[in-house]
Amino acid sequence: MPLGERAGDKSESRYCGVETDFNDDMPHVLHFNLYSGSFDFVVAPLMDHSYRPSLVQKDALGSGVLPFAGSDLVLSPSQWSSHVVGKISSWIDLDSEDETLRIDSETTLKQEIAWASHLSLQACLLPAPKGTSCANYARCVNQILQGSNNMQLWLRVPLVKPDDDSMDAKSVALVDSWETWNSFRLLCEHHSQLSVALDILSTLPSPNSLGRWFGEPVRAAILHTDCFLTNSHGCPCLSKRHQSLITGFFNHSIQIIVSGNSVHPKASVDANDNSGTNSQRHPLRPYLDYIGYLYQRMDPLPEQERFELGYRDFLQSPLQPLMDNLEAQTYETFERDAVKYIQYQRAVSKALLDRVPDEEASVKTIVLMVVGAGRGPLVRASLQAAEETGRKLKVYAVEKNPNAVVTLHALVKLEGWEDTVTIVSSDMRHWSAPEKADILVSELLGSFGDNELSPECLDGAQRFLKQDGISIPSSYTSFLQPVTASKLYNDVKAHKDLVHFETAYVVKMHNVAKLAPTQPVFTFTHPKHSDKEINQRYKKLNFIIPNDTGSAMVHGFAGYFDATLYKDVHLGIEPSTATPNMFSWY
């Protein structure tokens, strides 16, 4: 049963699992935990924990029956697939100095994975690496992944990072668990079927240390019962930091798995039982109820985020409107971004008020050119600004896409703008304007500012502008930021060439860890006042990644822009100044 209903959320984080002990009666395990406990799936051992291959005595035929948790027939294929995650034996240690244990571990691991594959399980939970070395363990897992079907392997990783400033005798033995994971996944060649199941303990690392995990392929978070505090009613609850972390997991489609024995026995008594017998509920049900409470109190997904769900962490090649003619569907998507055009309208209004004093409003006509008019949203925004300010406009709508020009003509006729708007079907770089413009308006910016040839096109169109004319936008700055983004890295790596690593993709980033604040790279200003003016101000970037982030892997750089449309009217996606509720740029 899902944790609850949250408008717009169809992710796997709605489902909560429970870790169980070995039991060869799998139908009972499912009935008790799913139907009595209301959990959605179980993480159950596939093999008796006492099994060791080296201790098995084979029969006269040289074979022995492996001590699995029942045959494949005890559950239906859909039950195995939908409700069981296989838990690989926790004693396994493929990097042990004990050769017998090492060999037993590899044999058992392969036997259990083979059985899980036979059962068509969707995932198996691998035990955490033991010690500081995991080379042989990773080698064996990589070998399994190379020949496996689509089954996911979740590597159990305890969420620990020793505090460098307080290294006592106990913490010296600990290693940064992210470092262990990073070593393991590198040896597994970043395999896309390898994910993380984080063991959440009662003490959490620093916020920066936690944040880097959101850029990793974390599929599950194992929440131990000893993480819970006790509220005034004797029921389990979590600290503020744990609550915040769990909410972050929900927002990143990470499933919660409850593990351990109940440490709140009073909360397990059925409060709705009126028989006087104090009947017991599933001992872990209070923990599930609390996790459900945390999920249900989250705000619904905003409309913008629902629209963007299908674009999250998906590589898109940037639009090339100069080279390609955009399709109607692309125009329609951008035209739905009301926030962007409201900002443009505000900028044009301010420019008109600065350009024309009140006493000249009825007699002076401003020449405004929209270069790259598309299907007309900037034309509409400009005319609305003129109506709002009581100024007179003469508009040239310049558009090179002949298909969009058809729509422009229809729009002008529909709105009755024939006396105000002149449509020019031409590339702005080659058009000879009949007169100079007071205001030049464009929306040629890419997600990185300059990556859709905005400066090149606008420099070519500057000849239309009067010496004291206004360009909207008037300037824009590009920013970079180092990020950990495991999924995006794997998607690029899958192409197995250098070209894709050198491509600037447009991405609605979601499962990403931002490792340091953004830094400006260069700025373009329009109009330029001389050919000698240097628009690009390249800067040497020196990103300082906080110590408590550890040596988190920099998979790539996120690029942003911030634009000044006119004076104090801004538009952009740079995180610290991003325009709210705008989706035209990722």
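Keep in mind that glycine also has a Cβ here, set from the backbone N, Cα and C atoms.
Per TrEMBL, the features are as follows:
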DOMAIN    39-297  domain 'PRMT5 TIM barrel'
DOMAIN    303-472  domain 'PRMT5 arginine-N-methyltransferase'
BINDING   Tyr331, Lys340, Tyr341, Glu399, Asp427, Met428  S-adenosyl-L-methionine binding site
SITE      Phe334  site 'Critical for specifying symmetric addition of methyl groups'
ACT_SITE  Glu443  active site, proton donor/acceptor
ACT_SITE  Glu452  active site, proton donor/acceptor
DOMAIN    475-586  domain 'PRMT5 oligomerisation'
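In sequence order, the recorded positions near Phe334 (site 'Critical for specifying symmetric addition of methyl groups') (Cα within 10 Å of its Cα) are Lys340, drawn from Lys340, Glu399, Asp427, Met428, Glu452. Lys340 (S-adenosyl-L-methionine binding site) sits 17 Å from Glu452 (active site, proton donor/acceptor), taking the CA atoms of both as reference points. Neighbour counts of Cβ atoms within 10 Å were taken for the recorded positions Asp427, Glu443, Glu452; the minimum is at Asp427. Each residue contributes its Cα atom, and for Glu399 (S-adenosyl-L-methionine binding site) and Glu443 (active site, proton donor/acceptor) these two points are 12 Å apart. Here Tyr331 (S-adenosyl-L-methionine binding site) comes close to Gly374, Arg375, Ala404, Thr407: these same-chain residues lie at least six apart in sequence, with C-beta atoms under 8 angstroms from its C-beta. Ranked by Cβ neighbours within 10 A across all protein chains shown, the recorded positions Phe334, Lys340, Tyr341 are led by Lys340. Spacing of Tyr341 (S-adenosyl-L-methionine binding site) relative to Glu452 (active site, proton donor/acceptor) is 19 Å (Cα to Cα, whole number). If you average pLDDT over the domain 'PRMT5 arginine-N-methyltransferase' (303-472) in this model, you get 92. Note: Met428 (S-adenosyl-L-methionine binding site) has non-local neighbours Val371, Gly372, Val398, Lys400, Cys457, Gly460, Ala461, i.e. same-chain residues 6+ apart with C-beta under 8 A of its own C-beta. Other Cβ atoms within 10 Å of the Cβ of Glu399 (S-adenosyl-L-methionine binding site), summed over all protein chains shown, number 25. On a Cα basis, Glu443 (active site, proton donor/acceptor) lies 15 Å away from Asp427 (S-adenosyl-L-methionine binding site). Cα-Cα distance from Glu452 (active site, proton donor/acceptor) to Glu443 (active site, proton donor/acceptor): 10 Å (rounded to the nearest whole number). As a summary of secondary structure, the domain 'PRMT5 oligomerisation' (475-586) carries 15 helix, 36 strand, 61 coil according to DSSP.
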